[in-house]
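J.: Below are the structure tokens for one structure; questions will follow.
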Amino acid sequence: MSGENRSNTPVTEFLIAGFPGIQDQESRNTLFALFLTVYLFIIVGNFLLILIFTSDRTLHTPMYILVCGLAVLDIAITTNTMPSMLVVFRLKSRSTPFTTCFVQIVFFQGLFSTECFLLCLMAYDRYIAICNPLHYPSLMSNSRISKLMACCWVSGFICATPPVVLTLRFPFCRSNQINHCFCDFASVLLLACGDIEMTGFVVLSIGLSVMFIPLIFILFSYIRIIYSVVQISSAEGRLKAFYTCGTHMLVISVFFLVAGGVFISDRIPGTSMDMRIMGLLVQNVFPALMNPIIYCLRTKEIRNSFGKTLRKSRIIPNSLTS
């Protein structure tokens, strides 16, 4: 079953079409090679962060527990969509069962929401560390940060559930072709029969809340952090505080700027479907690709721990990392 469903029989599977404007096999092979390379870098980079964290007990602190949690989340986000995208790039199209498609939607929405909340928690962690350093050990212990991270995951999937439940109330009896590289929620919602205006409004409201409420809290936290840093008398203390926050600000900027760009482009009349799809793909992979690079390059403790890991495994001689 593909294309228009003229018999109005219920849809049991969806046909993922990929890029509407890219039909030649050579271009699809190029996309396949590009995104396969990016996916491998994401997996290797984030697994490396997790390996460094688990092998070095000195990194078992709230800040690095959050970094490790972000790495796990980045692996989950890309693994949810990238393998199915790669299959679409190799083939002209790919069919996926109705239930499988909605499971992918729930995980995509839930994981995106979880990352918004986790980045908010990371900003709160830096706020307490710099603005209330004497209370930091009691307010942000390892056990408490682990519980707060669990709350981020639960809250993320709670936010993802209502839009999907509302959409499943509609019958799908029109076209079953999704003009995307995976089961994108907005693309699937357009295939539902009936008046979807109210559902679209609810989805938009939840999406705006999930993205902008954490962002407002993050901005407020960093305004307070900057104000506190300015009050530090020593130049060395100010530099250390700014350096500590710089990594988190880079990660947050990458995630929210890319997500905001995709959100705006989706609502600009005349934006091509291929551009919208590419924007969502960039949102899906770019933050996950950049996070390990940012943390490995800017975080001294992770660089030092990485050097110790290499020395233990005898990949490099001790003289090069001493």
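Cβ atoms are placed via backbone N, Cα and C, with glycine included.
No curator has checked TrEMBL annotations; they are predicted automatically.
From TrEMBL, for reference:
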- 45-295: domain 'G-protein coupled receptors family 1 profile' (DOMAIN)
- 31-52: transmembrane segment (TRANSMEM)
- 64-82: transmembrane segment (TRANSMEM)
- 102-124: transmembrane segment (TRANSMEM)
- 145-166: transmembrane segment (TRANSMEM)
- 198-220: transmembrane segment (TRANSMEM)
- 241-265: transmembrane segment (TRANSMEM)
- 277-297: transmembrane segment (TRANSMEM)
J.: Which stretch from 64-82, 102-124, 198-220 shares the most C-beta pairs under 8 Å with the transmembrane segment (241-265)?
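T.: Looking only at 64-82, 102-124, 198-220, the most contacts with the transmembrane segment (241-265) come from 102-124.
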J.: How about the transmembrane segment (102-124) and the transmembrane segment (198-220): do they have 3 or more C-beta pairs under 8 A, pairs 6 or more apart in sequence?
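T.: When sequence-distant Cβ pairs are counted, the transmembrane segment (198-220) touches the transmembrane segment (102-124), since at least 3 lie under 8 Å.
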J.: When you scan the chain for residues with a C-beta under 8 Å from the transmembrane segment (198-220), skipping those not six or more beyond its ends, what do you find?
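T.: Distal contacts: 112-113, 116-117, 119-120, 123-124, 159, 162-163, 166-167, 170, 185-186, 189, 192, 252, 256, 259-260, 263.
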